[in-house]
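Quick notes on the structure that follows.
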Amino acid sequence: MIDAFARDIHYLRVSVTDRCNLRCIYCMPEAGLPLVDHREVLRFEEFERLIAIAASQGIRRVRITGGEPLVRKGIVPFVARVKTMTGIEDVALTTNGLLLPRFASELKAAGLDRVNISLDTLRPERFRAVTRVGRIDDVWTGIEAALAADLHPVKLNVVVMGGVNDDEVADFARLTLQWPIHVRFIELMPIGEGDSRFRGQYVTIEQMKAKMAEQGLRLGDHPGIRGGGPARYHTLAGALGTVGFISAISKHFCGTCNRLRLTAEGKLRPCLHSRQEIDLRTPLRRGASDNLLARIFQKAVEAKPYQHHMLDEGWGDRPRLMSQIGG
């Protein structure tokens, strides 16, 4: 599908649940969220029909997200069914890693190509402060399980926050000297709980690179790795993995955006950073034809803005939490 700005839209991010077994400070309130009624969340067969229709319109890549997607019962056979769909070339999953020791091998056998693991600190006490629950050792066990299952490339997503974990960027980069993993540093975005933290904790990509340079780390250029996302990759001399940067704010990558997002409640978002959502669940459950649902996907592509407006005044007045969007 080609949008109004000649971008090839071929990537669909699918949030299969709003539930999560962590409470990360930039993602959701400490008390959690009122859970969406199960009847409002799409059934797997509904997701599958929509993904198949999207594939018929040109979607080739699918990323499964949450919440935490591995908490949803039946996720492994769902991955297997998506992977075998006509037109789908790549299926990936974003997770906090806690359940990977249980699921990594099964996911690989089901056809999952790769995983992104969210991890914002390497320090046990700080991990508890950022996630509010959980143990960092469990995440590392999950990372090792993903590597053992050959879910390559294994990527670590690190949201950098000033005064919280910005003093760890060099430590994260050094992981690539010891492990065949790809560490991606992500700028904090003013979405949901991140909105209230943005002004005081936002760290630019250039500031992150400067912190690495202060500790003697020299980043060389790297052509990039499989994934089709917005990260720009570098490498340290002798490293087994890479260091990537995702600059949603300081140097937005909207000009090369290639994706749509489908929420757990069946809302199609043309842009992660837009308030616009197009309802798919209602027509789907009212018996809409595949042709009608395909036209809704086309409508979403036509509605994609050229770029986000997260820094505009009033952006955060009606926030949608990251865990609800499936960012």
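Just so you know, glycine gets a Cβ as well, placed from its N, Cα and C.
Keep in mind that what you see is a predicted model, and the values were worked out from it rather than measured.
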Joining Arg13, Thr94, Lys155, Arg259, Leu260, Arg261 at the GTP site recorded in Swiss-Prot, out of Arg43, Arg63, Arg126, is Arg63
In Swiss-Prot, [4Fe-4S] cluster 2 binding by Cys254, Cys257 extends, among Cys27, Cys271, to Cys271
Three-class DSSP assignment, Tyr26 (S-adenosyl-L-methionine binding site), comes back as coil
Within 10 Å of Thr94 (GTP binding site) (Cα basis), scanning binding-site residues Cys24, Cys27, Ser118, Met189, Cys254, Cys257, I find Ser118
Cβ density check for Arg259 (GTP binding site), other Cβ within 10 Å (all protein chains) comes to 21
In chain order, residues whose C-beta lies under 8 angstroms from the C-beta of Ser118 (S-adenosyl-L-methionine binding site), counting only those at least six residues away in the same chain, are Cys24, Thr94, Thr95, Asn96, Gly97, Leu156, Asn157, Val159
Leu260 (GTP binding site) and Cys254 ([4Fe-4S] cluster 2 binding site), compared by Cα position, are separated in whole Å by 12
